[in-house]
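Visitor: Here it is, the structure, as structure tokens.
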Amino acid sequence: MGALMIQGTGSNVGKSLLVAGLCRAARRRGIDVAPFKPQNMSNNAAVTPDGGEIGRAQALQARAAGLAPSVHMNPVLLKPETDRAAQVVVQGRAATRAAAADYGALKARLMGAVLDSFARLRTTHELVLVEGAGSPAEVNLRARDIANMGFARAADVPVVLAGDIDRGGVIAQIVGTQAVIDPADAAMIRGFVINRFRGDPSLFDAGRRFIVERTGWPDLGLVPWFPDAVRLPAEDAVDLRRASGGGGLHIACPMLSRIANFDDLDPLAAEPAVRLSMVPPGHALPGDADLVILPGTKSTRGDLAFLREQGWDIDLAAHLRRGGRVLGICGGYQMLGRMIHDPEGHDGSPGSTPGLGLLDIETRMAPEKRLTRIAGRALGQPVEGYEIHMGRSEGPDCARPFAHIPEPDGATSPDGRVAGTYLHGLFSGDGFRAAWLGQFGAASALDYGAGVDEVLDRLAGHLEAHLDIDRLFALAR
């Protein structure tokens with residue numbers, strides 16, 4: 001059957017969900033399908049069975065396709081560490097750090113890894129559905145591009161262009177894309193899709209005809225807004241504010257500047273008994289929160305300074321005085337200790353940074369990243385998840401571990417109101433989540449994993465109702 005690529009008119013136009021839904025639709029047709037994204041930029045990484053890293057969106061797409069995630073589904077992952085530099089993960093392994101100004105020169109060497117991973121998927125699966133990054137209209141990035149048209153032309157993969165009508169200006173998005181890209185790039189596009197329409201679709205019939213007349217590209221369909229998308233794991237930080245609920249247990253989470261693996265919160269956001277508040281910079285932690293979760297971060301020391309700049313350290317102290325509780329996950333756990341030592345400068349400049357002092361532990365950063373899937377027990381319940389961090393934490397409070405995986409993990413304060421763990425994904429386990437929420441008097445009867453698959457099935461049905469799926473798949477080569 002071949003391969004087909006979904007590119008977008010911009011970031012966050014719904015490419016990831018379109019590919020996930022198409023993967024599930026292909027699977028329902030009995031097609032052996034695999035997702036692929038040449039280059040992703042995200043601190044929300046998933047750990048593959050062989051201990052590699054890929055973007056969380058590709059892990060969800062793999063689930064939609066009925067596959068275990070593979071490092072070849074996202075061969076280049078950029079994990080921002082500062083506004084101008086990122087860690088570069090190649091085929092699942094951290095390869096180097098690169099400043100934004102230097103990354104262009106590196107991309108020529110990365111194309112080989114991208115094409116190698118793509119070839120592996122293409123030879124082992126009937127159909128490969130490829131997701132682009134950002135937009136091909138970013139012509140300043142076209143030279144040495146590996147994420148959009150540079151890849152599509154190198155691998156000879158036809159493209160469908162997706163525009164987002166919800167943000168407005170979708171006619172200009174699509175027509176403008178054709179106007180600014182190279183004619184040879186435009187020739188790779190086999191049609192367009194309008195995503196996230198609200199209201200009566202017939203009201204946009206004239207707009208769709210105009211796009212066809214101006215571009216010559218076939219109209220492959222208009223996809224109405226899919227409200228259940230909020231129940232699927234988010235990858236982009238831009239999606240964080242969506243998390244909410246109306247339950248009685250109020251959980252607050254500060255939006256750190258380098259927040260990572262925040263999909264840890266998705267099972268909690270799905271709980272009817274939970275109200276989850278994502279607290280943006282410049283806002284105080286809510287005084288009525290029962291629990292504050294300090295999430296993972298790509299830069300523990302940098303985000304600890306950011307946390308203090310927001311005054312959230314003062315808010316945390318007040319929260320504890322009111323009888324609240326605090327849980328730190330990964331980098332958030334490291335922040336809770338007395339000191340973070342980084343003599344070799346693996347997380348910023350060499351030196352030591354005082355922590356929040358809420359746990360009697362100290363953390364020492366190390367060059368080796370612990371990257372592994374684990375299973376163990378916590379609160380008498382089985383837990384599964386993964387670790388993805390640098391550094392090791394030790395101290396008296398580690399004598400009261402948060403979990404056993406099977407070795408002791410994490411720490412708990414003597415009064416039990418402050419705890420930390422290195423374990424990501426622990427809330428996805430229904431038994432543990434129910435036991436953990438039960439400590440707060442909140443009940444849970446949610447089957448989170450089944451809920452994700454139900455939404456993926458509904459997403460596939462939604463696309464099947466509004467797109468000519470068979471025509472789309474016939475474009476693959």
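From the backbone N, Cα and C atoms, a Cβ is placed for every residue, glycine too.
Okay, these came from Swiss-Prot:
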DOMAIN    248-432  domain 'GATase cobBQ-type'
ACT_SITE  CYS330  active site, nucleophile
ACT_SITE  HIS424  active site
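Any idea what these are sitting next to in the structure?
Guide: Annotation for CYS330 (active site, nucleophile): spatial neighbours ALA260, ASN261, PRO295, GLY296, THR297, GLU387, ILE388, HIS389, THR421, TYR422, HIS424, criterion Cβ-Cβ under 8 Å with sequence separation of six or more.
For HIS424 (active site), the Cβ neighbour count at a 10 Å cut-off comes to 26, with all displayed protein chains included.
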Visitor: State the mean pLDDT for the domain 'GATase cobBQ-type' (248-432).
Guide: 95
